[in-house]
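Asks: The following block contains the structure, expressed as structure tokens.
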């Protein structure tokens, strides 16, 4: 009897084991098929339009875009000009498809923005700064974004700017803080790399270790049959977190392509993996490495979407699985029902999803309330409020019943207010060291700090002087602040200053939070910061008469002699030149001390560089008008013996439809008896740099310093490059990526500049005359002002205007002597019939018309 029972049990066990093996083989085949299809989709580098369309139509998530872009980048080695342009185009397409206000807190989106800026730095370093600034503004919480920007500035020789970026990142509370501290230390040690490879590995290990400790302390010990850990998997995870460029196969860890899940009607979790359901796809599973890696939960702003990377124990040979039959306690999430073990590993069956009804959800909340006091570390209330304020509009689930089937296993590492939030929010990094909270600067309205950053560049000088939408009156009393402890002068007699065209506006600011600046006793209320660069900042301000101005503040505490001379020259040039031309930016007032400089200037709308980036096509008349404005402005400075030497679109500001020249910081004044000057250092922008400046850098040397010979014809070349950009949408040598090759092409007479055919032949002639490499053969500014391109065709127009005036005089003369309405009506009808017949006014028609009127 006992033998029969034993044999029956063995048969039952054998049948169960066969079923388990069948299920295992089924999952293996499904995973292999999915991986092959995923590789097939993403490995095609010739035409990815199909994959891109699928991404945009399906999830349109940063993770999918990043996976595709990294695969494209891997297959683009070695990187040629064509492949680089293609990569940049795909990155640009991804950024356009992902709104920053929605994905600003997403790490993958931050990596896309940073990598796009790095690729632009290879192709066009002059424009890369704008894209780094855009990434920094959109993804300010990630330390690797700030470090990448600082590394770029360091590579350009801007050590002070690099340090400023890192310090501001620390003040903003970017994480991880250790990374920023290491970068600052390396910068102070004058190292070329802010983060070395060894430091990256150290950061990787420390980050993973810290996260493991936090994971084990909050969720409890995860029991694994084999606790061996693949160090490569850990390092790869952490490397991915702080933005290091990795191979696509490593980058896919935790970023399972959503295209893969959409093809399945129902998925079961693979053996040995903990199921976590994404809010946007209840049936999808998360595939991980075979290593024990802690849980990193990412925050996003897309419809309460959180992507969790939950990793189970490693499997020695077979596949492990478990089943969550009942959710009885949040405190211990372990499998309590062991099944029959295999020869190599025990088998635990897990369900593919966890569904909570309203009753279960309420019990879960009660459990959480009970366990919060002794399970979770205390979080400062200020940080919790700040976290909630950032996610308030995007992470509140308004229908808990509808989303109950999308519940996720939370990481009990932070204190969560269940009454206000139904979505568990976690930081991207689990760091033991608390990051300092963001401190509001004394220069800003606190509300402006929390504002969603714009995607436009904020770093250009005089960038985007936009008139704010204003509603409230000027505050009767505002807090006066002068930087660095300088007292404001209130007792001086205020005098009238000319008003800008933007007048009688109201201020959108609170009367208590708005700060003011005092310049020579005049009080200006700060509206917002509109530009910054180096040690200077530009603010849009309002005076007591509701007039808009721009105040440029310069901190002189760390300024060297060259910087001091630069600003003094700028003030002197503006005072001198604004009296002779309205194409020069207006300087209304200024104040200079040993610690700072204030310059009250005219406030414009937008600089030419930003305007050109926004415009897809330029109206020919608009281009001609702006070209004439530029010529008149440069002609004015040349007449007073000044060569600008660094003309580019950012040096021109659009004010009420007119271009005005700004930024004389590096301009040089020529001696009266010379026709050219020699600069101590070459400072022009490469894309707009004249050939003679490049040649004389190497040929002319004095006292061990390279010299650059410039003349008024140098500004003509730069103006020609600007006009070329306005005509063809790029500079003449922008297509050359390598900077050394670009410099050689500029000075090489055998390198022909392309001038594609355009309808305006006179415009094409202007471009050819401006872009001649020999300064002696290059056209001058007076000749450009007399060129037919800038001359409106006056002769036909004058004749037409003259004829129209005569006709109008004739018509009025016929009507002026009539008194009765009937006579006026008859005369008007006769005139209408006369001109409708195509006849023009002449002496014979005048006599005929007079006879008709006499008869009538």
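Counting starts with 1 at the first residue shown.
Note: Cβ is positioned from N, Cα and C throughout, glycine not excepted.
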Asks: Figure out which of 552, 576, 583 sits with 530, 531, 532, 533, 534, 535, 536, 537, 538 in the ATP site per Swiss-Prot.
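Replies: According to Swiss-Prot, the candidate sharing the ATP site with 530, 531, 532, 533, 534, 535, 536, 537, 538 is 552.
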Asks: Can you check which of 345-368, 369-392, 393-416, 417-440 Swiss-Prot lists as region 'Disordered'?
Replies: 369-392
Asks: How long is the line from the C-alpha of residue 7 (phosphoserine) to the C-alpha of residue 532 (ATP binding site), rounded to the nearest angstrom?
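Replies: Cα-Cα distance, residue 7 (phosphoserine) to residue 532 (ATP binding site): 84 Å.
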Asks: Reduce the DSSP letter at residue 534 (ATP binding site) to three states and note it down.
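Replies: Where residue 534 (ATP binding site) sits, the three-state DSSP reduction gives coil.
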Asks: If you measure residue 536 (ATP binding site) to residue 646 (active site, proton acceptor) at Cα, how many Å is it?
Replies: 19
Asks: Would you mind reading off the Cα separation of residue 538 (ATP binding site) from residue 646 (active site, proton acceptor), to the nearest angstrom?
Replies: 20
Asks: Determine the minimum-neighbour residue: among 7, 532, 536, listed as recorded positions, which Cβ has the fewest other Cβ atoms within 10 angstroms?
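Replies: The recorded positions 7, 532, 536 were compared, and 7 has the fewest Cβ atoms within 10 Å.
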Asks: Measuring CA to CA, name the entry from the recorded positions 80, 646, 820 that ends up nearest residue 534 (ATP binding site).
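Replies: When the Cα distances are compared, 646 comes out closest.
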Asks: Within the domain 'Protein kinase' (524-790), what mean pLDDT does the predicted structure show?
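Replies: Its mean pLDDT is 84.
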Asks: Could you tell me which three-state DSSP class residue 820 (phosphoserine) falls into?
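Replies: Reduced to three states, the DSSP call for residue 820 (phosphoserine) is coil.
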